[in-house]
Amino acid sequence: MAPVTTKGPTVDRYDYICIGGGSGGVASSRRAASYGKKVALIEATPQLGGTCVNVGCVPKKIMWHAADLADRLHHAADGYHFMNVPSPKFLWATFKPQRDAYIRKLNGIYENNLDREHVEHHEGFARLTSPDSVEVTRSDGQKYTLHADHITVAVGGRPTIPAEEKIPGASLGIDSDGFFALEDQPRRVAIVGAGYIAVELAGVLNSLGSETHLIIRHDKVLRSFDITMQETLTPWMEHTGIRIHKNSNVVKVEGEKGKRLTVFTDKEGAIEVDCLIWAIGRHANTDDLGLEEMGIEVDKKGDVAVDDYQNSSVNGVYAIGDVQGKALLTPVAIAAGRRLSNRLFGPEKFKHDKISYENIPTVVFSHPPIGTVGLTEAEAIAVYGKDVKIYKSAFRSLYFSQIEEAHKEPTVFKLIVVGEEERIVGVHLLGQGSDEALQGFAVAVKMGARKQDFDDTIAIHPTSAEELVTMR
């Protein structure tokens, strides 16, 4: 592990201070240091990498791989005539330490990267005391102040849990962070929420053998996604055994944390589970940072208000990543952080560098996965009206040709085009491999590809992705 600064500032004034050691903060700090600037990064926890590395993308994808393998072992072995395959049993209690060891390895890589590029790493809680100074409080109570010409807030966010006053017993549940702390697999679990985090956790737990309940306020999951994705995934999740409690709200929770819980809803009565997971949203980690005292504008959720260039309402103070409340995705935070440092410290060609929040690709690691970029059908119609045309294809991947009917996953691909030139403004994929297939098509959408460009591309056969260039 690289050494951590423990004795306070090493210079009177830094060029750049970044508050937060997540993906965005680390990327921005390293980019600033690459221009020869004196940079300090402050992280409150012992682990670098933020949500993504520690309690988000990376451990979540590892769990998804485990669940995907479970599905293949249970449903594909017989169809492909692998005989005498023993019934697999997932050992959560021994897998978790192995997964966590990999995360610690990534933490060390982040440390080494900072050290190699001469970014000072200060471990402690940061608080702005002026537009150009930050007070650092270490875990031993030691305090010191760092000064800089430019300060970026990149503290990320955390999961939201309802207040006890709103839902009695809500604190008996855990959040998505708590999911990764579970030492043993819950036999029965209830997940509250219909967004991508809730959907992903439900899919993982169900595939690994937990009795899984998903409590949603409406009748479909992923309500911010394209309607075709919603209408395809929701019934398939039910088909796989996930018990979706639709049009339901949790009103009370009783029991003992870590033991049996009774979850009461306003529609279907009581649900007996061993674990309750809240996945109802996230909010910014801006408490006690001193932002409002500095006159930095934040909204009611605590998100820092920024312009297109990540500038806050106070000159010299910026915000990137989840803390600014828009496009809460790791690659977005990284891109915003690098562009900000390019603009502040790079050559003249970067003086107007900023991130575009249009056509950001994203993936849901559901079962099967979803990949999407651009406008949904509803969004496209709202913007372009009757100029919108939809191309859609539903089929089953060749992989499932040898698998019994009950376990043949759906695949649905959808293109949204506008105008006589049929410019592609939305690509929505659901099905095996959609997560990997999307990236290249996202480049095409970003470049303004037309349907004819897809038609003129020779297909790769046999693949699912070829459907996008042969669709009629």
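The first residue you see is number 1, and the count goes up from there.
Just so it is clear, glycine is given a Cβ too, placed from its N, Cα and C backbone atoms.
Around H461 (active site, proton acceptor), no same-chain residue six or more apart in sequence has its CB under 8 Å from its CB. Annotated active site, proton acceptor per TrEMBL: H461, in sequence order.
The Cβ of D322 (FAD binding site) lies under 8 Å from the Cβ of G24, T51, G156, G157, R282, A284, L328, A333, each on the same chain and at least six residues away in sequence. Residues annotated as FAD binding site in TrEMBL: K61, D322.
Residues annotated as NAD(+) binding site in TrEMBL: G193, A194, G195, Y196, I197, A198, V199, E200, G281. For G281 (NAD(+) binding site), the same-chain residues 6+ apart in sequence whose C-beta sits under 8 angstroms from its C-beta are P159, T160, G193, G195.
Feature annotation from TrEMBL assigns disulfide bond to C52-C57. The number of other CB atoms found within 10 A of the CB of C52 (disulfide bond), across every protein chain shown, is 23.
Taken from TrEMBL, the feature domain 'FAD/NAD(P)-binding' applies to 14-337.
What TrEMBL lists as domain 'Pyridine nucleotide-disulphide oxidoreductase dimerisation' is 360-471. In the predicted structure, the domain 'Pyridine nucleotide-disulphide oxidoreductase dimerisation' (360-471) carries a mean pLDDT of 98.
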Residue counts (helix, strand, coil, in that order) that DSSP gives for the domain 'Pyridine nucleotide-disulphide oxidoreductase dimerisation' (360-471): 41 helix, 33 strand, 38 coil
Site diameter for NAD(+), Å, by largest Cα distance between G193, A194, G195, Y196, I197, A198, V199, E200, G281: 14
Pairwise CA distance, I197 (NAD(+) binding site) versus C52 (disulfide bond), rounded so that it is a whole Å: 13
Shell of the NAD(+) site beyond G193, A194, G195, Y196, I197, A198, V199, E200, G281, same chain only (C-beta within 8 angstroms of their C-beta centre): L201, V221, L222, A279
Residues that sit under 8 angstroms from V199 (NAD(+) binding site) by C-beta distance, when 6+ apart in the chain: L214, V221, L222, L233, M237, V364, S366
